[in-house]
Amino acid sequence: SKLAALFEHPLYNTPIPEVTEKDKLFVVNPMEKFSLRSSGSDEWVSSSKAETLLPTGKTAYDTYPTWLKFHVGINRYELYPRRDPLLPTLLRDLATQRIISSVQKSGGTQLKLIMTFLNYGQALFKPMKQTRDQETPIDFFYFSDFERHNAEIAAFHLDRILDFRRIPPVSGRLVNITKEIRDITTDKKLAKTFFISPAGNICFYGECSYYCSTEHALCGKPDRLEGSMAALLPDKTLAKRRSWRSPWRRSYHKSKKAEWELNPNYCARVRETPPYDRGHRLLDLIDMTILDFLMGNMDRHHYETFEKFGNDTFLLHLDNGRGFGTHSRDELSILAPLEQCCSIKKSTYLRLQLLATQPYRLSDLLREALAADPLAPILAEPHLQALDRRLGKVLVAVGHCLAR
C-alpha cells in the first residue's frame, strides 16, 4: 500500500503543538455518560443519575456514537488526527447507517439534503447529477457549473493525502429515493416535487435558486440514486463558525474582472489587511489554493473557521462539488495567491515534492484511497492523471518564486 507507506513517512509524522483544554472545540467530562431522552427526542443529553454507573470495563467515551466522538475530537490544529481510529467507522456509518429523516438544506444554488441516521448523526447528501466521464462544457462559466457528488468524495481523500485534514469525512452511498427520501421526509416543499418519469423512474427536484425544476430533476434507476454523504460539523449553536470572504474571490460576473486579476501587486495590500497581516492565515489560504488548483475548483468564494479559536486556527475546506469538472484544461488563475504572494509553508512544499516522486505519486495514492469507497471508481482515469500534471505546475510556480 502506497498510502500506508505515505502515512509512515517522516513528513507525515511531525508533531502538532500540545492540545490544551482551551484548544479543544468541546471540553467534555470524560466520565459523563450520554444517552437519548426517553421522550424520543433526537438530542444527546446527559443521562440521569441512575445511569451514571458505567458498565464494568467501559469508559463513558465508549458510549458516544462515532459522529459525536468526531465532534469531540476537533481542536485548534486539526479537524481529525492523522492516525484517526474513528475514520473507517465514521465512513462506514455514512455509507450504511439507517436513514430516519431526509429534508432539503436551505440556501445554495442546487439541491442538497440533510439526512439523519438512526444513531442521530447527520450528513449532507449531494445527489449524482453527471456521469464520471462528463466534463464541464468549455463555454460554461464556473458559477453555472453543476456540483458533482464524486468531487466531494475525491476532495476529502485528496485533502487528507495533502495532510491538510480540513474537509469533514465523506463517503459515497447508494440511496433508495422511495424508502430513504420520499416516504420519510417531513419537508412538505420537497414532498411536492416527487414524480414518476415517462421511463418509470422515481424523480424529484426540490426548491432552490437554480437547477430545481422538472428539467433538472434527479431520477433514480428506478429509485436508486448515488450521492455523497458528508459528515456534518457540530451545530452552529454549539460551535459558532465564522465565514470569511476570500480576498481572491472571483467577480461572479460574465464580463467584469476582480481586482486581483487586474493588479499584479494585489498581495501587498492583502498582507496589510487583518487577519492576513499576522500569523499563518495567508499561508493556510495558499494551502487551500493548491488544493483547489489540483481539483480545478474555481468556486472558492468563502471559507470558514471555528469562532472559538479566533484567527489562530485552520481553515475549513467546505463545499468542493465544483472540483474535478475538467481534466483536459488547467485553470492557472486559481494559483494567483501563490504566484502573487510568493509564499508557501515549508511543510506543504516538502510534501508536494514528495508527492511528485515515483514511490508516492499523487495519482496512485488518490486512486488507492478512492478504491475503498462504496461507489468506486470515483474519478475517471484522466482526472487522476491531471493531478500529476497540475502538481508539476505548482512546483514550477514555487520554483519561479524561489528564482525571484
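Each Cβ is built from the backbone N, Cα and C atoms, and glycine gets one as well.
According to TrEMBL, the active site annotation covers Asp299.
Non-local neighbourhood of Ala231 (ATP binding site): Trp67, Phe70, Leu90, Leu94, Gly121, Ala123, Pro168, Pro169, Val170, each in the same chain, at least six residues away, with C-beta under 8 Å from its C-beta. The ATP binding site annotation in TrEMBL covers Gln110, Lys126, Glu147, Ala230, Ala231, Leu232, Leu233, Glu304, Asp319.
Residues or ranges marked as Mn(2+) binding site by TrEMBL: Glu147, Asp319.
Residues or ranges marked as domain 'FAM20 C-terminal' in TrEMBL: 194-403.
The binding residues for ATP are recorded as Gln110, Lys126, Glu147, Ala230, Ala231, Leu232, Leu233, Glu304, Asp319; their greatest pairwise CA distance is 20 Å. Here the Cα atom of Asp299 (active site) is found 14 Å from that of Gln110 (ATP binding site). There are 19 other Cβ atoms within 10 Å of the Cβ belonging to Asp299 (active site).
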